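Accompanying notes for the structure given below.
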């Protein structure tokens, strides 16, 4: 056993496997690791801080400057109003109504002034355009009552004022348009699915480790609500600067990262937290990167989760990103799902937690070549070690398939000869009854 373990250790060191247990350093040389309730912060080597393209909360860190054609924003006024911040939305909402009421109040006051209602309003037999309208304040109040359809009954328009009737029709129509636009903007802004994305979680770190003898890049997603995301799908982009063969420099070049588009694994049933895996193969941008090379690279992985909100049917999008310093080599995610009595329970305290695992430090390309040459780990017996059939299985599993076929043919031919020889021997054999005692 000691010899086997020594051979296995030498084999692991030869292919670059990180040992599970590393010899502890002295206390004064060890770096303290800070832990929180949600995650374990892994001490990373000090690198030059770089600017994020997408923040952790999904906001894009891009500002548009020197925009000359600002009139384009006014051509799509509704979207412009919806995209405004809440304080500006409330300000515009209030100003639009106040200016509208003041404008029509001024027109009612102007009609009363031209007709002489402000001068002759107290005379008997005088029929004004609007009864009890004797100042600008009363005209402003009448404008509010007309547009909001309050109708106190104190100030009313008379039938002997055609210009007032036309103004009443115009204010009613324009007031309905203003109400529809402003209330619609507020409703859309309130019901925006951006708030739904707040309950969609992404792990703080991404990890790289071996899955089914293949190097994989993984991160975890989860949904905190009981109402699920319908038609959920996820995709990922690699953001890094690139220089072409012709010498052209492309800043923040975007490259697709396949996380199951061809197999359908990108379509999620997000009832419990899922670990999204990207297989690092020949088409992956990380195919030739080893652990040492990965530490020198500067990149950012942007992940985008899309789907429809079950309650409203509106499309929701949640985003997050991982810098090169947030991709941990040789780690896996801690399981969060456990089986209880009659249900499955998700422990979100472990959602961001990771643990170290044996992982080759070579690139995925080198690892695939080593797997083609020889397996990474020795084959384990399928039966119990105490079962004597295990040794038979090991011996058979180590034989070449051609030698097993030849052995089977020899055994079959020997069996045929044995049946013939057995028949002849039975004829020559004396009867058993002669050898029995009387």
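These residue numbers are counts, starting from 1, taken along the chain as shown.
Note: Cβ is positioned from N, Cα and C throughout, glycine not excepted.
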Residues flagged as transmembrane segment in TrEMBL, choosing from 45-68, 117-140, 141-164, 165-188: 165-188
Of 16-39, 88-111, the range TrEMBL labels transmembrane segment: 88-111
Beyond the flanks of the transmembrane segment (165-188) by 6 or more, those residues with Cβ under 8 Å of it: 78, 81-82, 89, 93, 96-97, 100, 104, 107-108, 111, 143, 146-147, 157, 159
Arithmetic mean of per-residue pLDDT over the domain 'Inward rectifier potassium channel C-terminal' (200-369): 92
